[in-house]
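Trainee: Swiss-Prot lists 17-346 with the feature domain 'tr-type G', giving sequence analysis as the kind of evidence. What Swiss-Prot records for 26-33, 158-161, 213-215 is GTP binding site, and it gives similarity to another entry as the kind of evidence. According to Swiss-Prot, the diphthamide annotation covers 699, on the basis of similarity to another entry.
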């Protein structure tokens, strides 16, 4: 246990080469928080007796009740290494003391935006995988997010005690299970890896994989055992590490190593990993769990484990815990792996700078980030807001990438829409205090140098969710985070007592601050809408809203799904609209955009801010567009970055550039509220074929062009086989074989389609993957548990948009009914308008 003073931590923060910023990421229920606990216990912030059941990182009451992590929390740990260990570190270091900033993030898929926020401020990730369940859908999603942010992973295979006690596996089976898990992690890494990172695959023999049991509090890496044996036998540690994994066998008779699994006489040999590493562990388990009183002391003596007075009387699992903790303490193995294999901010910012910074990669700010320079101008990224203990105020939680942040410093607070030289989304304010985040508590410090994680007090009113803080007006923003989920489920919220309305409005503001991926807005009919990524996420958000942020009783509508409007064919004729003064005409046609192009736009591969030539290159080479069209994209919509495009196909039109701004504004408006039922449009390409304009500038102002362009966009869409797209979840369900029938019946009832079903090798579990429309997903978990007797656990994650088949104008079809209901709710006429409403004859 280390007694910490804030001064000591502050001293460590200056040695940036000895700082490690890392997050713990994994599938839900694979044991992140439990592992984090054993690390925290080592750093002396939680008492040794409580670790394992304290779940220190889960700071909220609902987290402790549900047993899941909802928000990501941060904590600083202290690790000291021996000189031998420090020699093995492949990057520059300074002394033996290390500061590890650990962020425990949620595994449940509805909260993956929290994970994104945590990843942005860290350089390394501890990926936790369950031995028995293996790599799941969420493991893959989170790992993909991490690699996209250029974050280096190391792996912990957790819950080894389950394999030993529940499944009673043999040594070779266990080795094969480990090998399979490592392989499936490496497949994901090599698929999504950024070449700049180099080879970041994980190898047990290099010490980048640890094997652990979070509940029992023990863990080991191959390197630790190699250390023990190299001292005992006097062999080289590096060589020993190579031999303790993979196909290498030790022949005890000849005392020679071989890579064949039989000796000269054809007797089978035991794999080195099994013999030198698993054997002592298996023997301890067997002796203790079978209560062999005489064997235990002999084994303990061999392994040099000493029990204290009252520990000698323990037996069974309690004794096992104590012994394993002494034999292989979890914190030692994990801290050693973190310090040895994860990059320091100095190392990491060198290759992460260009993915973090929006401006040119050779300006002084990007250079300062690349060098992690504490004396440069301040560059700090706030990735999220953390509510303080007194209601209503927030800490801004972020990381200093360059410069030093001080209490009382005057800074520029730049929101996500800020552009250099403009005034919007910019505040000049001073930071009241800088604080260290320590799980449940905060500690005040005076300043914080580059490379460290920090909380700021007093700027929460000026930032919505995330943003950049600088001291120089020439600095660009840090890039906005890309979330892998989108809010597709929404509810309307109203107060039970009309006097409470102001509290609700204030509460909604706070809610959208405290969660990076919730949307709150007011609809045209005056309802307050809250949108979330899924049922659980919404439930938690509304619970927060009612209890904390607004603090008043609420009435909540049934959940509604957001749809997208699209077209399925080309307009059957050219649409034409005239301006209100009849002097200007616009002729356009609409056509669908390929799904791949839409996805590229949504994932930021094709970006409205890119150079138009580079963008045209991608569209022409990858998606087969005509180069001339690809260069003449006027804008993306809605919000300037959505998956709908205006393409200028006119020939020799006078004054065309003067109306470009008006056309763009009108298109943003038209795609934000489409013609079918006022939802966002998706995958619609509008080609402007011809424009006739009045010669006199005063007769072709915005007031003439904007309504015309909007009407003609609507007309062209209604002529092009209008349709609606619904969001679809990818469901992954793990269950025993006898529950599969129940799963299929529930999925069929809910318009789900199964895409794969496979058995996990070495376990009785099956993994079923299916697509399930979000519209049908409400109450899905409950029905599934009923149908399978509680044996199936679904994971829902937003996957794609899918066109609903059927005519939107026919109210007896499925999409027609949805459209009609939505139009009535929004107070529009129940019928979808005819194109003639927007189309003008010559």
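Keep in mind that glycine also has a Cβ here, set from the backbone N, Cα and C atoms.
What you see is a predicted model, and the numbers here were worked out from it, not measured in a lab.
Mind mapping these onto the model and telling me what they sit next to?
Mentor: Under a cutoff of 8 A between CB atoms, and with a sequence separation of 6+ in the same chain, the neighbours of residue 160 (GTP binding site) are 131, 174, 211, 212, 213. In the three-state DSSP reading, residue 160 (GTP binding site) counts as helix.
Every protein chain shown contributes to the tally, and the Cβ of residue 699 (diphthamide) ends up with 14 other Cβ atoms within 10 Å.
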Trainee: Which of 26, 215 (the binding-site residues) has the most other Cβ atoms within 10 Å?
Mentor: 26
Trainee: By a 10 A CB contact count over all chains shown, which of the binding-site residues listed here is most packed: 158, 213?
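Mentor: Answer returned by the neighbour count: 213.
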Trainee: Using Cα coordinates, what distance in whole Å links residue 215 (GTP binding site) and residue 699 (diphthamide)?
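Mentor: So the alpha carbons of residue 215 (GTP binding site) and residue 699 (diphthamide) sit roughly 75 Å from each other.
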Trainee: Just the number: how many Å between the Cα atoms of residue 699 (diphthamide) and residue 26 (GTP binding site)?
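Mentor: So the alpha carbons of residue 699 (diphthamide) and residue 26 (GTP binding site) sit roughly 61 Å from each other.
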Trainee: Helix, strand or coil by DSSP: which one applies to residue 699 (diphthamide)?
Mentor: helix
